[in-house]
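Read the structure below first, then the notes.
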Amino acid sequence: MAGGGEGVTLEFTPTWVVALVCFIIVSISLLAERGLHSAGKYFKKKNQNPLYEALLKVKEELMLLGFISLLLTVSQKTITKMCVKESLYKSWQPCRPDPGPHNRPKNSTHFELESISGNLRRLLAAGGEAQEGYCAQKGKVPLLSVQAFHHLHIFIFVLAIAHVTFSAMTICFGGLKIRQWKQWEELVAKEIDDTESAKPKVTHVQDHDFVKDHYLGIGKNYRIKGWIHSFKNQFYGSVTKSDYLTLRLGFISTHCKENPKFDFHDYMVRALENDFKKVVGISWYLWLFVVIFLLINVDGLHAYFWLAFIPFFLLLAVGAKLQHIITQLAQEVAEKHIAVEGDLIVQPSDEHFWFSRPRLVISLLHFILFQNAFEMAFFIWIWLTYGFDSCIMGRIRYIVPRIVIGLFIQILCSYSTLPLYAIVTQMGSNFKQAIFNNSNSGVKERKS
């Protein structure tokens, strides 16, 4: 075919067009690859091994994305030639076969849903038309049309990019807030130098700011108040100066008592960077979640709306639990002692965490961040592919809450929950030996 149109092959395409498109694609790909390579060299030069490993995780995700893309492209012709009965298409649809004018995209370039028993879709490439015609001759329809195949391809790409981007944003913003605590670490170093020769004084436990902020009394009613107090605290002032100093001292007294000048802040930041490589990856069970969602995204269920509440409630539960661990530490000290000599010391323990597993918290944060990225990616994909007024998008009363919840989760997780996680998970019975030894300040004393 020598004329223009959708059926033109490379045989009749001007060479300058082919060369230009290839040049642009190759250039963008090489720039991205060089950018990642330069970032890796920078992290290694700065001895940021956890971030370097996280970067390798991103490369793995991109490689997986490329393999999925290749697999979709290679298998497209085979899958689109698989034919099924039209009756199988009359149920489990995200949109009704014959949507009303309100739900149809106004933009004529958008994909328009038609009745399964009606004419085959006309907005396909010539190859797609031939494959659908192949099934039409048998009185059937393709298992997946060429255009639907293309849209699915785009969705997987948008999801992977959105997850990596949103996770990186959360870690970066949360890390900036955690680095603000550096001034408290430096303050401790000065106080240690000033009080090394001074005699420790005896003070009443409830005179300490840490106990004042978190101790609410003894009994069943106070336990309920403790949970309410913890739930509210995650929204403002999630980590105070007294919290930081007390938890820092508890960690050092348990794991490196001989070195009071241990740089706890540096260790905490490096531990968070080490966890980033888990957060940024897309585990197999998360891909399984995507498949389940695509299965239940049926017209009338509004699954995309209700699923937005899963990360919302999980994030609130995680934030409340982390705050409650701080409250429990204050309760333990207040119940065991009336007065203390010197500084207030808490006792870290895995028993404060769910199932005595501090690592479970990062797994939940991983799922929360992925689910939130999935919701936002799904919204962007539907908007760009089918239009804002598509029936899959839903009515405005379902769209606005999803966007508001997604933004709320991103902000709360970045500026409250993640900093809380960074410091509270150090209150477990164990610590990360590799990071402990490789830290720049590590077990060495800070220069004063």
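Glycine residues also receive a Cβ, built from the backbone N, Cα and C atoms like all the rest.
Sequence annotations record features per position, and here TrEMBL assigns transmembrane segment to 16-36 (among others).
Remote same-chain residues near the transmembrane segment (62-79) are listed as 127, 131, 143-144, 146, 149, 152-153, 156-157, 160, 282 (criterion: CB distance under 8 Å, separation of at least six residues from the stretch ends). The feature transmembrane segment is assigned by TrEMBL to 62-79 (among others).
Here TrEMBL flags 152-176 (among others) as transmembrane segment.
TrEMBL lists 279-298 (among others) with the feature transmembrane segment. Note on the transmembrane segment (279-298): residues 54, 57-58, 60-61, 64, 92-94, 159-160, 163-164, 167-168, 170-171, 304, 307, 362, 365-367, 369-371, 374, 392 of its chain, located 6 or more positions outside it, place their CB under 8 angstroms from a CB of the stretch.
The transmembrane segment annotation in TrEMBL covers 304-322 (among others). Cβ atoms under 8 Å from those of the transmembrane segment (304-322) belong to residues 227, 230-231, 234, 238, 293, 297, 353-354, 361, 364-365, 367-369, 371-372, 375, 378, 392, 394, 398, 401-402, 405-406, 408-409, 412-413, 416-417, 420-421, 424 of the same chain, restricted to positions at least 6 beyond its ends.
According to TrEMBL, the feature transmembrane segment maps to 360-383 (among others).
Annotation comment: TrEMBL describes 403-424 (among others) as transmembrane segment.
Among 16-36, 152-176, 403-424, 152-176 has the largest number of CB pairs under 8 A with the transmembrane segment (360-383).
Panel annotation: around the transmembrane segment (403-424), residues 166, 169-171, 173-174, 177-178, 234-235, 238-239, 243-244, 247, 268-269, 271-272, 308-309, 311-312, 315, 318-319, 322-323, 325-326, 361-362, 365, 368-369, 372, 375-376, 379 of the same chain, lying at least six beyond its termini, place a Cβ under 8 Å from a Cβ of the stretch.
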